[in-house]
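Presented below is the structure to which this report refers.
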């Protein structure tokens, strides 16, 4: 039993395999079914299970169902029986129209495994539609003179059915004049034609009617009918005639649309429709049909579109008058367009030259032509430009003009010109056109550079750093481009001794001036030179300007004491009688300053004194005077230190040291102090300078000596030791400059009474004031020495 059950199971598996193979093969085929249209819903189409060779339960187990691409369920599958049934009534004409055959494509979907079966359902046509004429009545107008055999086309009938159910033939009811003929066209549609069998006579039979029938090929056949009326048309034996065979009219081109241009008129001797006339344009061009319009009944010709004389000057129109019978007459209408001034002149530029060189006269700037498409005075034109321009218009051939320069232009005055060319016609009203053009003037190197100043004054403080920017010169050139690019240079100095190349330099591009080395006011107070400015034109133009450099003084020199000299030797000793009154002039400190201005203004003050309050120094002239009466208690020897200070910023100073001896009289010579003995050898050398300084004031000196002797005779005092004035040997500096006269010997005079130490007699030395002679632009000194003369005087006290 076990073996038998196993064998049975194997047989079932083999059968199932064959079934699956069969279903797979069936899924690749298309199953066709057919059904007639208009069948009720639920009608049987076919048994799917039987056709597929499947059992009904397999359709149920595999969930078989009908699907379609348009999602309309036109078929349904009964899974209990396997029958395909209609889900709705099918209308072939709605589904396929005139397409034959009408086939619907459906699919049967089965699952486990998934499988699609292609189904084609053909919907068969039934004769459910009759032929139909679109018009129930047809009207034919046939002239009575139509020949026998003439064919007249009739309207065809339409049948929604197809195939044998479509229109098959046409028939007409019996009559004595016509028979029906059917024409088949390439798409198998059939058209009826009416053929004249017997000549018509309007007077005998003005009208006849018959029935036109259309039959299809269905079973039973269906038909449709229409009434055909034939109206016999009387013969038209008179053609229309115009009142004039030729019409001519004029119209302005600016006439408004709808304007009446002309009324043409024709008549016809026939009556009825044969006498009714219709007016039309015959063989008219597209321009005529767009521009004019004719009333078919009244013959009025009106304006339909704007006219343009410049496009078309006249129109020739053939008017056709046609009667109801088809006969016609013709007339010609000539329409002349009158020109009006509706077009402004036109300017056409042929060539233009810009920019133009500024120095070229009679240069052609522009060539242009002018025109006005109007006629007569409307087309006559005049051309002009503004009168205040250096240009002129010259007429050339026909309507060509040239715009030329009237005189050489100056770019620096006007770099560009905006020229308005005005063209005006002579119509009424006058129309004009303006053309604006810009003419650029190119530069020519006709202007030399111009300095902003003819001369420049620069101030430089002395002791400047090398390469210091001391100022700038600037020149402008009215030209443009490279002609206006300026290079600066130093011109050779007029003073050949001026080392200009070592003093200043100039930047060739911007005119900046630089000091090449440090300047010294005391050596060079001012110098002049010329600078040149050259443009880069061809040929190059240049100009020059004068530059004056003033060196400003800096307080770089300390005051220098001329008297008493301070050279490290013993200070000079001054003798003051004890009988001197307050304000007695002891001596005068003479100092100079190599600077100038306020830097050389000197002031004096007593810095140190052995006995304060005994002597005083005048601040402005350096005079040392007694401040009070001398007494016996005052020391005989005093040491004074005088400070000499200038007015610079910061101030500089120097000191002068001198000794003062108080004496009762001059009866005994005063021996030189021990510390002054070594300077005796230098006294003679300085004496020469002192004599030179005092020679010019000898008369004043003698007067002072006499006054001094008179005072001494009146007041006798005890004699004091006599000292000598020790003057160091050495020349005075030659670079000293007197700036104001204060504290110097140039405007005040001073003398000194000295006793030589090597003689037992009293000697006076007369000194001439020192007057230095220093040039403004150089260094030097000129000292004049006068011979020293000695006179011996004996004083008995």
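Placed from the backbone N, Cα and C atoms, the Cβ positions cover glycine too.
Per Swiss-Prot, the N-linked glycosylation site annotation among the candidates 436, 786 falls on 436. 418 is the residue among 418, 463 that Swiss-Prot labels N-linked glycosylation site. Most other Cβ atoms within 10 A: among the glycosylation sites 418, 436, 487, 567, that distinction falls to 487. Cα-Cα distances to residue 418 (N-linked glycosylation site) place 436 within 10 Å, out of the glycosylation sites 436, 487, 567.
Per-residue pLDDT, averaged over the topological domain 'Extracellular' (27-690), rounds to 86. Secondary structure of the domain 'Cadherin 5' (456-561) per DSSP (helix as H, G, I; strand as E, B; remaining residues coil): 8 helix, 48 strand, 50 coil. The two recorded residues, residue 436 (N-linked glycosylation site) and residue 567 (N-linked glycosylation site), have Cα atoms 92 Å apart.
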